[in-house]
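So that you can see what the record holds, here are the features copied from Swiss-Prot:
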ACT_SITE  D775  active site, proton acceptor
BINDING   L656, G657, R658, G659, Q660, Y661, G662, V663, V664, K679  ATP binding site
COILED    393-429  coiled coil
DOMAIN    650-904  domain 'Protein kinase'
REGION    1-21  region 'Disordered'
Amino acid sequence: MEADGQSWAGESVSGPGPGGGGMIRELCRGFSRYRRYLGRLRQNLRETQKFFRDIKCSHSHSCPSSPAGGGAAELGPAGDVAEAPLPAGQLSCISFPPMEETYLQQLVDRLPCILILGQDCNAKCQLLNLLLGVQVLPTLKLDSDESCKLRRLRFTYGTRTRVSLALPGQYELVHTLASHQDNWETIPEEDLEVQEDSEDAAHVLADLEVTMHHALLQEVDIVVAPCPSHRPSVDVLSDLANDFLPVITYALHKDELSERGEQELREVRQYFSFPMFFFKVPKLEIISSSSGRAESERSPLYGQLVDLGYLSSSHRNCVPSDQDCKAQSMLVEQSEKLKQLSTFSHQLLQNRLVDAAKALNVVHSHCLDIFINQAFDMQRDLQITPKRLEYTRKKENELYESLMNIANRKQEEMKDMIVETLNTMKEELLDDAANMEFKDVIVPENGETIGTREIKSCIRQIQELIISRLNQAVANKLISSVDYLRESFVGTLERCLQSLEKSQDVSVHITSNYLKQILNAAYHVEVTFHSGSSVTRMLWEQIKQIIQRITWVNPPTITLEWKRKVAQEAIDSLSASKLAKSICSQFRTRLNSSHEAFAASLRQLEAGHSGRLEKTEDLWLKVRKDHAPRLARLSLESRSLQDVLLHRKPKLGQELGRGQYGVVYLCDNWGGHFPCALKSVVPPDEKHWNDLALEFHYMRSLPKHERLVDLHGSVIDYNYGGGSSVAVLLIMERLHRDLYTGLKAGLTLETRLQIALDVVEGIRFLHSQGLVHRDIKLKNVLLDKQNRAKITDLGFCKPEAMMSGSIVGTPIHMAPELFTGKYDNSVDVYAFGILFWYICSGSIKLPEAFERCASKDHLWNNVRRGTRPERLPVFDEECWQLMEACWDGDPLKRPLLGIVQPMLRSIMDRLCKCSSEQPNRGLDDST
């Protein structure tokens, strides 16, 4: 039911008392700012969740379709992104940590709400009136807490004034209130109190909800806590904290806290860590006067709050300009200083936003680093796997040819070895045969004959004995001939195969294991002639056939002499030359068979790796072109949100210069850094946004280095150019001038060579971090007031694994291979060679060979054909040789910067010493 109360639309900023319109405007501005930045944080979180869902979908075997559109369906419950992990693979570790996601989701879902606690109901009502600037609640009630029955009051925004009873989070009660009966300016007391004699339980539990057309309520809801005797403050705060971010105020009107008040605050602090704003409301009869106590004097209230842990003994209220001040509890005893509530709420809300932005940026940065590391791993896999396969094929072929040579030339040696072995072992074999006890054959002790089947079994066992003993002896001698090959070839091959089978592709893993088994069966077992192996028995199959030709006339008696005779006949029937020929023949046959099986398995492995590498290359492309840039942009937004919250938007000073992609301004002070340079970049399209975001990530990820320009932070200006575009403001260290300007003004030889050393040191550091600058030139080398150099503008800087082969850079500094799209960090060495030409010349004049070029295409064609800067008369021989080495057309012939650096030091020591002794010798000073 609607009440006929007064409208406060025109009075919302001009009410009586110490609240005043200024305080209300500040509060409105603070909560409005929080909502604005919370919206950006919510959008970033939504896009981050969608990013992780897309990652999971694109790299899972099956994925349900994502719901269209935004809203709750798109966001899903907190933590659902990480429930189903990615399958094993390169990106299986990319997921949104559930704890961080839950925390962030809860934060963006909870809007702020001002909660008013207090010593008694009068103080709470009076503080509410001060906040709204109008007399909404009565303040002439009884002071006795025991007689107070104030229910919970909730003030929200609406176009018309309305008062009603409602169960929290449920439904509105149809109940006639006193405020419904007539016009009113102050809500009647009977509507505020709980009628405990009421038979309706819902009426006792209900909140009084007041809807008002008020500027402050348009930004934030206000809840007045009920009387503690009706409901404890801890329970009220617990319910509120589930759905809102409470900004807790505590209204005081006495000089000291009562025992009951201390207990209430002690319980709140025990369960919650929220700071509180303690405000002593003015006495009703002197509402416009201030307290007589000086601010510097500490009241009994202050001491009590220190004892309770809300304030520290050295506590000083943070001033608004201190952006890094953490939200702490405040005590304000001067009524005219109620405006400090805006400072308190600003710090509280800002800290929440900053903490959330930091947590989100940590997730972005961590996953982005994983992407970059995985890109390196994938690039190495693409490069090294084909080389490993080729190496395996080559080594196996060498092993095969070596073993075939052994089989061809060892036949005579093997014959002599067999004859020698037989002669050496003959008596031992005969004795062993005579003393042999047969298995599964019963030999009569009385000398009776046995059947033909038993005789054949006995002969076969004697033959097996001779074969096995002879086999072992021959094998032990033969192994020494080829054992070194097993160590040299098989071990290397097995290690190479082990590296190849580390693939996570199951089919390739099986293929590689099969190949390894083939290798062991074909070479390792056969070469070493392990006893009992199937291969060894096959090699001696012909020996069995020869021995089996032994004949007998009548079934003999099994005696020692008979056993020796059978063994003697078996030994005599062996032909050493035939055995050697048979062994070598089977050896060659087996080698050929194994070689073919190996080659077939290697082709199968190669095919498996080919498919895997194709998928890896596709994934590498996705990481470089889609995943990493998309996540980098989210990271840029979350970090920029953190920076603007902490340090506000920087003020643009005078223009310092313009580049291809942005304008550089002077910025006097930002984030505690002075002075600064501000680079304003308006990305024209998605690609430039992605490049800028990645550049920012690389710069922020780099440790500070004295040869690189520091990046202090970034801010995204959504209203750049009057709202016509969105700009990224990069706030950096400001230096004195660039190298182009320095050379133009004139620098001494020693200074120029020191600049060259500084540049090499900076490039070496970038390379040590896996980055390639790709645009080393005069304008990108800045000088401080001591003319020490720092490298700037990492706009084209990328890790090698993230480079797509795009043609970037400044034409005269671009290495020839840049035009092919296949290059590495040696392009920076080439660019340094050109830069060193300018440094040695002491001038900004273009090399003559480049000056003659009419266009960029003409210049590029000449560079590809080998055109380089000319040698000037002032050049020292060693300097010229260093330039030529650096800009060599073959990247492999360019010196490493670790070699260039000591060469430069040597040149500097020699030339500067010579210059001091003979000023006109060698390089001239351009001063």
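Glycine residues also receive a Cβ, built from the backbone N, Cα and C atoms like all the rest.
Everything Swiss-Prot records as a feature, shown here on the structure.
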| residue | record | contacts (Cβ under 8 Å, 6+ apart) |
| --- | --- | --- |
| L656 | ATP binding site | V664, Y665, L666, A677 |
| R658 | ATP binding site | V664 |
| Q660 | ATP binding site | none |
| G662 | ATP binding site | K679, S680, V681, V682 |
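Neighbour density for D775 (active site, proton acceptor): within 10 A of its CB lie 21 other CB atoms from the protein chains shown. Listed in sequence order, the residues S680, V681 complete the 8 Å Cβ shell around the ATP site centroid, once L656, G657, R658, G659, Q660, Y661, G662, V663, V664, K679 themselves are left out. When Cβ atoms from all protein chains are considered, those within 10 Å of V664 (ATP binding site) total 20, not counting its own. Of all residue pairs in the ATP-binding list (L656, G657, R658, G659, Q660, Y661, G662, V663, V664, K679), the one with the greatest Cα separation is 14 Å apart.
Taken residue by residue with DSSP, L656 (ATP binding site) is part of a strand. Secondary structure at the residue listed as 'active site, proton acceptor', taken from DSSP and collapsed to helix, strand or coil, is coil.
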